Amino acid sequence: MGGGRKRGRTQRRHFKQGRDNVWKHNPQRPPADDGEGGAAEGREGNPSWQPFATENPAFEDYYKAQQIIPEEEWDDFMNMLRKPLPATFRINASCQFYQDICSQLENDFRKSLETEVSDEQKEDAIRPLPWYPGNLAWHLNFSRMQLRRNQALEGFHEFLKRENEVGNITRQEAVSMVPPLFLNVQPDHHILDMCAAPGSKTFQLLEMIHQSTKPGMLPNALVVANDVDVQRCNLLIHQTKRMCTANLIVTNHEAQNFPGCNLAKFSSETCTDESKPQRLEFDRVLCDVPCSGDGTVRKAPDMWRKWNAGMGNGLHRLQVEIAMRGIGLLKVGGRMVYSTCSMNPVENEAVVAEILRRCGGSIELLDVSNELPELVRRPGLSTWKVRDRGSWFGTHEDVPRYRKNVISPSMFPSGKGTMDSHVAVGSVEVNTDVIDADMKDSTNMKLSPVNENQEAELIKGEHSISKDRAEKLEKGLGSDKVPHKENTVQQQGVDDGNVMDEQQNGDVDNETSNDKGSEEAKVFVNEAGNDQAGPRDRSRKPQGQGRWRGVDPVIFFKDEATIRSIVSFYGIKDTFPLEGHLVTRNPDASHVKRIYYVSKSVQEVLELNVKVGERLKITSLGLKIFERQSSKDGSPCTFRLSSEGLPLLLPYITKQILYASAIDFQHLLQYRTIKFPDFVDAKFGEEASALLPGCCVVVLREGHQNIDSIAMDPSAIAIVCWKGKTNLCVMVSPLDGKELLERICLRYGLKVPKADDVKPTMKIDGSDEQPDLSTEAEAVDPEAVPESKASDMEIADAKEVE
C-alpha cells in the first residue's frame with residue numbers, strides 16, 4: 001500500500017550494475033550496448049574490448065596488512081575474488097506451490113542441467129546450499145552472465161525469472177541470506193530492518209514469519225522495513241509486494257534517527273490499557289548498514305578500480321550511529337545482527353567493539369558458532385590498524401591533530417587508541433564467508449535497558465563532528481554519490497519534496513570516494529525529514545491531513561455502510577475480524593479506491609503512531625483486499641475482491657463462490673472469458689449463471705473429497721472472477737494466470753497450452769480499453785491519482801471467445 005507522491009524536482013543517481021562494468025573499451029571506438037550486455041558480445045569482433053582489470057595493489061596491500069586471511073591462503077583467496085559470482089536463489093516456503101517447485105528442481109532441472117557442465121568441472125550444475133535450512137536455497141554453477149547467454153539454459157533462466165516475479169522464489173546472493181538466519185526469528189517477534197532496500201532480506205524475514213501460518217490466519221509477528229531514500233523505498237515496496245502480507249510496514253527515515261514512539265515521552269494522554277504497546281520496540285533488529293561494499297568485487301568488478309582505504313573510514317561513524325540506534329530500539333532479551341558486505345575491520349569489528357564499549361554491560365556479543373554448522377566462517381579480528389592518506393596508525397594518539405576529527409578513537413581496537421588495549425572481539429566468531437561475498441555479521445543480545453540519555457548524547461556528539469566536516473566538504477566537493485548498498489540498481493534520487501512540514505535538517509550520510517588520488521571518503525549533506533522534535537509542542541493535526549509532506553496519512557476505514565455491503569455480498573463470516581483492520585490512504589470514504597487489511601500487530605503500531613503524533617513516516621503497509629469496481633451489470637457491491645487478499649479471506653467466504661473441475665479451471669485461465677454454456681461441466685455453467693452479477697471466486701475442486709472443507713486446505717487453489725450477464729471473466733494478471741495455468745497442468749497431468757493458445761487480457765465492451773488485472777505495483781500513493789472514468793474499470797459482457 002503505497003503512500004508517497006513524487007513532488008518537486010528529483011535528482012537522478014546512477015547505480016551501475018555489475019554486469020555493465022565487466023568490460024571496458026577504447027574510448028576512441030565506443031560500441032553500441034543493447035542494454036542486455038550486447039556490448040560485451042561485441043568484444044569478439046572488436047579488438048578494443050578487453051576484460052575489466054581485476055587488480056588494485058592498494059586493495060591487496062591493505063588487506064594483507066590487516067591479515068584478514070592467513071598468508072598461506074592469500075593466493076587462493078585472491079583467485080576466488082576474480083571469479084564470477086555464481087547465481088543463487090531461495091524458495092519461498094510459504095508460497096502455495098512450494099512442494100511443486102522443490103520437486104521440479106530435484107527431479108527435472110537438476111538432472112537436465114547436469115549435461116551442461118563441462119567435464120573439467122566436478123561440481124553439480126545446481127545444488128542446495130548445505131547450510132540453509134530445509135534445502136530452500138540453491139546454488140548454480142553458472143554466473144548470471146552465463147544464464148543470460150547460454151541457449152541451453154534458456155528454459156531454466158525463464159523459469160527463474162517467472163517464479164521470481166510472482167514471488168515463488170527470490171534471486172538473492174548466498175551471503176545475503178545469512179544475516180536474517182542468525183536473527184532466530186520466532187512467530188510472534190516484532191522485527192526492524194533498519195536499512196532494508198532493495199528488500200531481499202526483508203522478503204526473507206517475511207517468509208520466516210509466514211512459513212507456518214494456517215489458511216485464513218495471520219502471524220502475530222511484524223516486520224518494519226525502513227530506508228532513508230524515497231526511491232529505494234519504492235524498490236523495497238516492489239520487492240515485498242510479491243509476498244502479499246498484512247504484517248509489513250515500510251517507513252522512510254534515516255536509520256540513525258529512526259523515531260521512538262513512546263507514549264510517556266510524546267503524548268500527553270494517559271494510557272490505561274496496559275495490553276496495548278506503550279512504545280515501539282523490537283524483538284529482533286537487522287542492522288545491515290551502508291558500507292564500502294568491497295566484499296562485492298565478484299559481482300561488481302568496477303570495485304577494483306574505485307576502491308581506496310578511505311571508503312571504510314568515511315562510513316564508520318554513520319555505521320556506529322545506526323547500530324547504536326538499533327540497540328536503543330531493541331527489547332531487553334532481544335537480538336540484533338549487525339552486517340556489512342565489506343571486509344574492512346573499521347566497518348565491522350571496530351563498529352561492534354564500539355557499541356559494546358558504549359553500552360557497557362547492557363548488551364553482550366553472542367557466540368552463534370553452533371548455529372548453521374555447515375556455514376564456512378572465520379573468527380573476527382582482534383587487532384587491526386587504520387590507514388589514512390597513505391599512513392598506517394596503530395593508536396589514535398599517532399594520528400596528526402588536523403586528522404583527529406576524521407579518524408576517531410572508535411576506529412581502533414579498544415576505542416581508546418592504545419597499543420596495550422584489551423582484545424576487542426576476542427574469540428567469539430563474527431560470522432563471515434570470505435570466499436563467497438565477504439559479508440560480515442555480528443550478533444548481539446540486549447541484557448538490560450540502554451541509558452537513552454547517554455545514547456542521545458553520544459550520537460549528538462558524533463553528529464556535531466560529522467555535520468561540521470560535511471559542511472566544509474560540501475562546498476568544495478559537490479559529490480552526488482551514495483554509500484554502497486547491496487543489489488542497488490539504477491533509479492531516481494531522493495524526492496526533494498519529501499521533507500517534514502515543520503522542520504528540515506542537514507544530517508550526514510558518509511560517502512565513498514570516486515577519486516583515485518585520495519583515500520579520504522567524501523561526504524555530502526542530504527536534507528531529509530528530521531523527526532527529532534516531539535509532538536508535545538505542536539497541535540496534533542486531524543488524521544485526514546497527515547504530518548508528512550508528500551505522504552498521505554494512514555486512515556482506518558470505518559464506513560459502516562460499505563463494510564456491511566461487502567460482508568453481505570460475499571457472505572463473510574463473523575469470525576473474520578474486520579473492525580480496526582481495514583485501512584486506506586484517502587480520508588474521503590466516498591472516493592476510496594482500495595481498502596487494505598492489516599494484521600493485529602500492525603494495527604497496534606498504527607494506533608500507537610497516531611497517539612504519539614504520527615512520528616512514523618509510513619510509505620506503504622497492508623494487504624490489498626478490496627478494490628472499487630464500477631460495472632454496467634449493476635452489481636449490488638461496489639468493491640471487488642483482490643487477488644492478493646483472496647488467500648486470507650477464502651476460508652470465510654460463503655457466497656459468490658464456485659467450484660470448478662480441473663478442465664474448466666484450465667480453460668478459464670487459458671481463454672480468460674468463457675460463456676456459461678461453453679463450460680465442459682454444464683452444471684458448473686448453470687451455477688455460474690445463477691450468481692449475482694459482480695465479483696466471484698472460482699475454486700479448483702480437483703483432489704478434494706469434501707467441498708465444504710476445500711477453503712481451509714492449504715493446497716486449495718482459487719482465483720477471482722467477474723460474473724457478467726452471459727459469461728465468466730478471469731480477474732488475474734496475465735503473468736500470474738500463466739504461472740498458475742502451468743502449475744495446474746503439471747499437477748493434474750493436463751496438456752500445457754502453447755503460448756499462442758493463451759488468450760490475452762480481454763477487451764471491454766468492444767472498446768480499446770483493457771482492465772488492469774495486475775497486482776498492485778505502484779509505489780506511489782494510488783489514492784493520489786485523480787478519479788477518472790478511465791481509472792475505474794468498467795466490466796460488461798466480453799466478446800465471444802473464438
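Placement of Cβ uses the backbone N, Cα and C atoms for every residue, glycine included.
Unlike curated entries, TrEMBL annotations are predicted automatically.
Per TrEMBL, the features are:
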{"type": "REGION", "residues": "1-54", "note": "region 'Disordered'"}
{"type": "COMPBIAS", "residues": "1-16", "note": "compositional bias 'Basic residues'"}
{"type": "DOMAIN", "residues": "77-399", "note": "domain 'SAM-dependent MTase RsmB/NOP-type'"}
{"type": "BINDING", "residues": "Cys195, Ala196, Ala197, Pro198, Gly199, Ser200, Lys201, Asp227, Asp288", "note": "S-adenosyl-L-methionine binding site"}
{"type": "ACT_SITE", "residues": "Cys341", "note": "active site, nucleophile"}
{"type": "REGION", "residues": "440-547", "note": "region 'Disordered'"}
{"type": "COMPBIAS", "residues": "444-453", "note": "compositional bias 'Polar residues'"}
{"type": "COMPBIAS", "residues": "457-487", "note": "compositional bias 'Basic and acidic residues'"}
{"type": "COMPBIAS", "residues": "513-522", "note": "compositional bias 'Basic and acidic residues'"}
{"type": "REGION", "residues": "759-802", "note": "region 'Disordered'"}
{"type": "COMPBIAS", "residues": "789-802", "note": "compositional bias 'Basic and acidic residues'"}
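Cβ-based neighbour count (10 Å, all protein chains) for the residue listed as 'active site, nucleophile' stands at 27. A straight line from the CA of Cys195 (S-adenosyl-L-methionine binding site) to the CA of Cys341 (active site, nucleophile) spans 13 Å. Rounded to a whole number, the distance between the Cα atoms of the residue listed as 'active site, nucleophile' and Ala197 (S-adenosyl-L-methionine binding site) is 14 Å. Its Cβ placed at the centre, Cys195 (S-adenosyl-L-methionine binding site) has 26 other Cβ atoms within 10 Å. Taking the Cβ of Asp288 (S-adenosyl-L-methionine binding site) as centre and 10 Å as the limit, one finds 25 other Cβ atoms among all the protein chains shown.
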